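K.L.:
Features from Swiss-Prot:
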type: COILED; residues: 100-120; note: coiled coil
type: COMPBIAS; residues: 227-255; note: compositional bias 'Basic and acidic residues'
type: MOD_RES; residues: SER152; note: phosphoserine
type: MOD_RES; residues: SER171; note: phosphoserine
type: MOD_RES; residues: SER172; note: phosphoserine
type: MOD_RES; residues: TYR324; note: phosphotyrosine
type: MOD_RES; residues: THR334; note: phosphothreonine
type: MOD_RES; residues: SER353; note: phosphoserine
type: REGION; residues: 1-24; note: region 'Disordered'
type: REGION; residues: 227-261; note: region 'Disordered'
Amino acid sequence: MEHNGSASNAGKIHQNRLSSVTEDEDQDAALTIVTVLDRVATVVDSVQASQKRIEERHREMGNAIKSVQIDLLKLSQSHSNTGYVVNKLFEKTRKVSAHIKDVKARVEKQQVRVTKVETKQEEIMKKNKFRVVIFQEDVPCPASLSVVKDRSLPENEEEAEEVFDPPIDLSSDEEYYVEESRSARLRKSGKEHIDHIKKAFSKENMQKTRQNFDKKVSGIRTRIVTPERRERLRQSGERLRQSGERLRQSGERFKKSISNATPSKEAFKIRSLRKPKDPKAEGQEVDRGMGVDIISGSLALGPIHEFHSDGFSETEKEVTKVGYIPQEGGDPPTPEPLKVTFKPQVRVEDDESLLLELKQSS
């Protein structure tokens, strides 16, 4: 009995130990599960955060694309505005060039006049027949010349002065004190304006302005149309010209082929369908009318079959070969008239022929 009691106690102790071990293992497993769940939660959080970042980036990209589209629209508008401004500038330059041409013509005329005046002045200077005109402001012109004698001097001294100082002969050169008139002022101002215009439209200034204008125009052209695009446009124009020439040549060939393919009047033989024996048949044929009988074996249609044998179909060839088939027993019936129609047949190799189609009238 004591032995059994000790054995039962030992079994209980062993069970307690096993239960403690299993509890420890369960705790460890629970801890591992919790740690794994924490890691999974952190991973899920990181994934969600990355998704949010990606969405934000997508939004930023959409906004950037919208801004780029807006910039492109603005650029197109500015491009159209620049094109309009350039057209206006070209019109203004044309007007300015026309005005410059007019001014040049006027300046040339004025130069001719100036050269004439200079030549006249040189001739007058050579002849030495001219009058000196002195301009003085606010000084009245003396009407007469008066000589005042000094009473203090004796008569002998006066005679000596007259001997040593002879009077000046003013017959050749006469002096006039003339006020400047309005016409003279206008002439002076006109000459000054002409001098300014000559300086402004001199060769050096015109060359400089042309160079600057050419530089600006070339810059605007390169901005509007690139040289590569110009080359492409030139090549496309050449291609269009070549295609137009080809079309013109093909049209000429087509006309020539049509004119060569038209048959002559001698190629067809028109006659009555059949000569009736009875007067009744003649009356019926008169009522029915005249037709066209084209015999395949005749010499008139021989050249058509030789030159245009490809243009007929098999059925048409059979129709041309078929003659008037007599019925068994009795008189041969009057054949029905045939309709002759001509159709031009166009081929790819630019050879045209007439298609002869024979249809029996119903």
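Cβ atoms are placed via backbone N, Cα and C, with glycine included.
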K.L.:
In the same chain, which residue numbers or ranges, 6 or more beyond the ends of the coiled coil (100-120), come under 8 angstroms Cβ to Cβ?
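P.N.:
The answer is 194, 197-198, 201.
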K.L.:
Give the mean pLDDT for the coiled coil (100-120) on the 0 to 100 scale.
P.N.:
91
